[in-house]
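Here's the structure we're looking at; comments come further down.
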Amino acid sequence: KVFGRCELAAAMKRHGLDNYRGYSLGNWVCAAKFESNFNSQATNRNTDGSTDYGVLQINSRWWCNDGKTPGSRNLCNIPCSALLSSDITATVNCAKKIVSDGNGMNAWVAWRNRCKGTDVQAWIRGCRL
């Protein structure tokens, strides 16, 4: 599913991401834009053999199990396929674990490079939330 910007913002808010660990909703929407272009079915292979999954491009080396990543830790205890659903519950629950891990949203390269220090509020402007 390719989400609309405000549609994804509303779903993220409903699942408790707004100000989770101090990150406003705009941060999460911005991260999703540059990680997956709001596409829940996005997958991208990394040079280390791991794959990133879903709207927040969650990585199979650490966070989920896809059955093909050597030494996968599966810290969110989920199959990676759960991260490709149009229901973002699994993605959000795993993202909460990731952002609590010590590096905050710096865990997302796209957030670090394209969202951090910018006017992320713009990503939810005009949305009825």
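Cβ from N, Cα, C; glycine included.
Mean pLDDT for the domain 'C-type lysozyme' (1-129) in this predicted model: 98. Per Swiss-Prot, domain 'C-type lysozyme' is recorded for 1-129.
What Swiss-Prot lists as disulfide bond is Cys6-Cys127 (among others). Secondary structure from DSSP puts Cys6 (disulfide bond) in a helix. Within 10 Å of the C-beta of Cys6 (disulfide bond) there are 16 other C-beta atoms, taking all protein chains into account.
Its Cβ placed at the centre, Cys30 (disulfide bond) has 26 other Cβ atoms within 10 Å. Sequence annotations record features per position, and here Swiss-Prot assigns disulfide bond to Cys30-Cys115 (among others).
Of all Cβ atoms in the protein chains displayed, 23 besides its own lie within 10 Å of the Cβ of Glu35 (active site). Taken from Swiss-Prot, the feature active site covers Glu35 (among others).
The active site feature in Swiss-Prot is assigned to Asp52 (among others). A C-beta separation below 8 Å, combined with a sequence spacing of at least six in one chain, links Asp52 (active site) to Glu35, Ala42, Thr43, Asn44, Asn46, Ile58, Asn59, Ser60.
In three-state terms derived from DSSP, Cys80 (disulfide bond) belongs to a helical segment. There are 27 other CB atoms within 10 A of the CB of Cys80 (disulfide bond), with all protein chains counted. The disulfide bond annotation in Swiss-Prot covers Cys64-Cys80 (among others).
The disulfide bond annotation in Swiss-Prot covers Cys76-Cys94 (among others). For Cys94 (disulfide bond), the count of additional Cβ atoms within 10 Å of its Cβ stands at 24 [all protein chains shown].
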Looking at the disulfide-bonded residues Cys6, Cys64, Cys76, Cys80, Cys94, whose Cα is closest in space to that of Cys115 (disulfide bond)?
Cys6
Taking Cys64, Cys76, Cys127 as the disulfide-bonded residues to compare, which has the smallest set of other Cβ atoms within 10 Å?
Cys127
Between Cys64 (disulfide bond) and Cys30 (disulfide bond), the C-alpha gap once rounded to whole angstrom:
22
Which secondary structure state does DSSP assign to Cys30 (disulfide bond), in the simple three-class scheme?
helix
